[in-house]
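Below is one structure, written out as structure tokens, with a few remarks after it.
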């Protein structure tokens, strides 16, 4: 059973000395029944939705290119409930939206009549509604009264945001032992397809290959700016005693309230970096470990996040998916007296990359000249071989002659990468056709997603401001010093940012300051720089990992702050770095109508640069063009027509903007709209008079 070996104690794992990435499991698996979903009746009344919600089938994602693995079973993504935000509260609702992609695994299995656990399609969402710790039925019915299938809502957890989540389910459900690289690509592309619509993502997955999936997704999701959490369970979530409920609850809280822009793995109250994990137990609830890195977060009475360890992208680029991997990779584990014939056979075409699992600190048998010669010939043919230790803890070192001999043969040191991370990274690097062979070798030794540890010999003097204040206040314990730093750093960072002092920002960053830390109003330095219109500070912060998705007390992102202060150049920089507006439609319509009514063309230009949808309607079905015509704002009307706002949209009183202008006697506005040509795409061009 995928991720459910604890429920099948008679099944024993098989261990082989040589394992290829494209080998499969022959263990017995429960059958997965499939049935057609029932089409829900359309909901009545008004509500704000994200995406197309008229069908139980989620928007299709086409897999790019040919399949990597012919054993891949194509999947359909089924939508089981609506994704909405509370229209009556708007931003004041402090809601965050999380998409749960349910791929399969023990977490969602149910017992059949014979008592055997098996996957059951389209029951996860409906049964979660019966768990009060995972769904607040009263909040859902109060805030989404017009929906036949309202979203699931976590009860109040004491965190800043109420988590509203929706579940999309793959059909057929996947036993993770049957996972392929195509499945990884499908999950990555589905996350990307809904990236702008949700604040975070949770993937429910079987535990058998969860570490491989987490590692692969960490490389495939390039320039990731939001939380993606992989989780599952050893015991099904619907059993009386289960770790699944806690794993899912913790994942939803983290994804909805913390911007940790990594692919992580949540298990047993610990949040690990996904590409640092390995499955360590068949039947213990502590099934995963991160041997060479402490958890990013631990969940106890409080949620403690180690922000210094969070890996952040340093490029000003939008998130994108690299969905194509190279399947011609494998794991080769050394053992005493391994024959040269086995190694030679393993290194023959079509193999292009190998993770060589060696002894101790990266050592191999120097007395075996035949093996070293075979390895050397392979590297000269262009095969990339990465050296990883068979030990779970520690790093590859070249201090022993037995290890340096492999380096001389062309083997690339793998530092402290797990076998799962090394294999998926090798597959990712080899698939980069735009990279030269030298670049690929360099990238394998580069810390791309936090998958390996780089030693930094530089030590900074500890005579910094925090230490000075601590001495003045007679603070000596490390706990009190950490608390003082947590309180002071955000305010100092925001103050330094407001002055545009990049030199001091750099000093604080080198002393370990978290550049996305929040002050008392939950504002980050990027919020401050965006409001000030300081492009240099904005770009500095973005290049050092500041998140564009953090929200302040008013639920505004740095992009929304830049819009409200009309900082056009900053808006363009933030959009380039992957920022997008995530404002409920009704609230956006009100903002646009207010700007139009006040004749504020500059504000409308700000929203346009930020990618706002100018066709949103307010509570009376009016667009901002209605408001501009009503207030006789000719410059606004000209601007709105120039960007393609439709002049024929009817409000609740069945009037178009043109008819509003006619009623109020604004003949010049009527003439403007009559001289507008609207094409089929909704774009408009003003004709010359």
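A Cβ is built for glycine as well, from the same backbone N, Cα and C atoms used for every other residue.
Because TrEMBL annotations are produced automatically, they should be read as predictions rather than curated entries.
Source: prediction; values computed, not measured.
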Point to revise | TrEMBL annotation (region 'Disordered') - matching range among 23-46, 47-70 | key: 23-46
**Study point:** Same-chain residue ranges lying at least 6 outside the repeat 'ANK' (521-553) that approach it to Cβ under 8 Å
**Key:** 160-161, 199, 225-226, 259, 261, 312-316, 490, 493-494, 496-498, 500, 502, 505-506, 509, 515, 559, 561-562, 564-565, 567, 569-570, 573-574, 577-579
Exercise for review: Determine, from DSSP, whether residue 207 (active site) sits in helix, strand or coil.
Suggested key: coil
Practice item. For the repeat 'ANK' (521-553), would you mind checking the mean pLDDT of the predicted model? Key: 95
Study note, to complete from the structure: Its residues classified by DSSP, the repeat 'ANK' (521-553) shows 17 helix, 0 strand, 16 coil
